[in-house]
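Annotated features, as they stand in TrEMBL:
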- Lys252, Asp257, Asp275, Glu336: Mn(2+) 2 binding site (BINDING)
- Asp257, Asp334, Glu336: Mn(2+) 1 binding site (BINDING)
- Lys264: active site (ACT_SITE)
- 332-339: domain 'Cytosol aminopeptidase' (DOMAIN)
- Arg338: active site (ACT_SITE)
Amino acid sequence: MDIEFRDSPETGSPRIVARIVEQDKLPGDLPLTIAEGAKATRFTGKAGQVFDGFADESGKLVRLALAGSGKKDTESRHASLEKAGAALAAKYLTSGETEIALDAASSGLDASETAAVLMGARLRSWRWDHYRTKLRDEQKRTLTKVVVIGAPDGAKAEWEDAQAVATGVEFTRELVAEPANIIYPESFVERCAKRFEGTGAELVVLDDAEMEKLGMGALLGVGLGSARPSRLLAIKWMGGAKDEAPIAFVGKGVTFDTGGISLKPGPGMEDMKWDMGGAGAVAGAMLALALREAKANVIGVCGLVENMPDGKAMRPGDVITSMSGQTIEVLNTDAEGRLVLCDALTWVQKEFKPARIVDLATLTGAMLVALGMEHAGVFSNNDDLADDLLHAGKQSGDKLWRFPLAPEYDKLLDSPIADMKNIGGRYAGSITAAQFLGRFIENDTPWAHLDVAGMVWADKPGATWDKGATGYGVRLLDRFIRNTVKG
Ligand code: BES
Ligand code: MN
Ligand code: ZN
């Protein structure tokens, strides 16, 4: 999507002019046909609502669109403005129209609000048509441009900054949308290496032999059944103060999860190509930070493996030794995400001494049962960190809901033969998974685990995404860094 800033509508300006409208505040200066039409169709300006109609403006027929941005002065103001922009993009994406004008001046938008609308429009128009060779004309995207008219001072700069984040979200979506024969541990790393070229971010890659040396028996155990070698990828962005300890993001990157010997049932197994959505979000967030040259020190770690059944694969009952030295009885090879993450967590703590750690993982089906596709779960040993994330979640639209951790849950992981089992009992599956990870956090380092199992993929279009990969987590992490790290 091209974005162009213009001072005033010129001749040949787009046929559709869009205004952003606050909820229950229909502007008084609307042409009669539009004002009446909006009322008649119960358009109230709720976030994401759109109405359009034709109006005669000085002898010229224009198509005027109103997009609702909800109520002002809420924590989620920017997310609502994104919804307005996204709703416009969704409506005209394949409509035959090629451009729309956003009337920023009469919408009363400030610079960052303008950027939020544009962000929504751009994100909602993203599609991955890479493998489609036979799109019918009416399926093809026609809308390619938004012209911003009368943008306030600073809107262009805000958009430059927001664009970096949009690019990050799109990179995450690309990684998540790609099938597992295309994105596997090595190719995930290659795709990142290409994408981060020239950004100033530094990539560190560990292969099987190096991880073996470090004693990462948990992560490597998951990859044993796969013909694809495993990888640990660290993306370093050190844009902050010299001696400031970094923030660490750690992502589960299981590029395909068959369950291993504890094989998953066939129907729906194809979904497990997006079991690398946590790692995808980490890579996209790091790209956003690097492109906008964030004044922050952040390390993004992706634990990359493929979980396959094979003669070489782990068996239920096997005991493995993690990098931390703690031993794990693997009772279910399908509880593999925590095995990948625990070694990645140990490594990032040993290597970088982070001030705070946030991990993201499509960790448990139980998370979907609990929260569906509206919130990701957050589990934390630190209330301040949890609050910072919850706040960033509301602002960014990547919503979170907090769950408890407690010694009583932790006990469910005790094993008769090793330091712990990799599964708890029948109940509280998302919590016991989080407790497992908590056992690898050293010295009470503030840590939060985000179970994003319901969020990385959508079966139907949502606020700022079409069906498919959502890019969940990128805006959340970016907002979290903006709010909490003061260069
Ligand atoms: N990747 C899955 C979790 C998942 C399932 C994410 C469905 C998204 C949709 C994870 O590796 C897994 O298989 N978890 C098991 C854990 C169980 C064996 C304790 C689960 O949730 O069933
Ligand atoms: Mn699994
Ligand atoms: Zn998994």
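Numbers run from 1 along the shown chain.
Positions of Cβ are set from backbone N, Cα and C atoms, glycine also.
Caution: TrEMBL annotation is automatic and unverified by curators.
Less than 6 Å separates the Cβ from ligand 1 in the case of none of the recorded positions Lys252, Lys264, Arg338. Reduced to three states, the DSSP call for Lys252 (Mn(2+) 2 binding site) is strand. In the vicinity of ligand 3, defined as a Cβ distance under 6 Å, the following of the recorded positions Lys252, Asp257, Asp275, Arg338 are placed: Asp257, Asp275. Taking the binding-site residues Asp275, Asp334 in turn and counting surrounding C-beta atoms within 10 angstroms, the largest count is reached at Asp275. Rounded to the nearest whole angstrom, the C-alpha distance between Arg338 (active site) and Asp257 (Mn(2+) 2 binding site) is 13. The DSSP secondary structure for Arg338 (active site) is helix. A Cβ distance below 6 Å to any atom of ligand 2 is met by none of the recorded positions Lys264, Asp275, Arg338. If you draw a 10 Å sphere around the CB of Glu336 (Mn(2+) 2 binding site), it holds 29 other CB atoms from the protein chains shown. Taking the Cβ of Lys264 (active site) as centre and 10 Å as the limit, one finds 17 other Cβ atoms among all the protein chains shown. Among the listed recorded positions, namely Lys252, Arg338, the Cβ with the most fellow Cβ atoms inside 10 Å is that of Lys252. Cα-Cα distances to Lys264 (active site) place Asp257, Asp334 within 10 Å, out of the binding-site residues Lys252, Asp257, Asp275, Asp334, Glu336.
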